[in-house]
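Some features that TrEMBL has for this protein:
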- 4-126: domain 'MsrB' (DOMAIN)
- 43, 46, 92, 95: Zn(2+) binding site (BINDING)
- 115: active site, nucleophile (ACT_SITE)
């Protein structure tokens, strides 16, 4: 298991702030916001496969959005009551990295919008 010093060495300051301190990158600024290549989005911390480009869509929110993870077990959820809101946080099931939040306003077939920080992802081309 990695400790905080190991994470600080492995990750950029933004990646660390987002994944380990539950930060949020500014909308419309992330590396994968308008990314269209085919492949798989992995956890930047541990390399776990999280989302497929096939489930990615433009939600207009300013963050990469997906209607489902590659497999249901890839992400876990926790209640997030920070900033005076009640939201559902999504985390990498393998290492606990903060990814973003899931909202019930996505497209079919799931009706869900997994709103993810680019800083928590790395892309693997198909």
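A Cβ is built for glycine as well, from the same backbone N, Cα and C atoms used for every other residue.
Unlike curated records, TrEMBL annotations are generated automatically.
Feature annotations (TrEMBL) mapped to structure.
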{"residue": "43", "record": "Zn(2+) binding site", "contacts (Cβ under 8 Å, 6+ apart)": "50, 92, 94, 95, 97, 99, 120, 121, 122"}
{"residue": "46", "record": "Zn(2+) binding site", "contacts (Cβ under 8 Å, 6+ apart)": "92, 94, 95, 97"}
{"residue": "115", "record": "active site, nucleophile", "contacts (Cβ under 8 Å, 6+ apart)": "59, 61, 63, 64, 65, 100, 101, 102, 103"}
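Neighbour density at the Cβ, taken as the number of other Cβ atoms within 10 Å, is lowest among the binding-site residues 92, 95 for 95. Per DSSP, the domain 'MsrB' (4-126) is made up of 28 helix, 40 strand, 55 coil. Each residue in 19, 44, 45, 47, 48, 93, 94, 96, 97 lies on the same chain as 43, 46, 92, 95 and has a C-beta within 8 Å of the C-beta centroid of that Zn(2+) site, without being one of the site residues.
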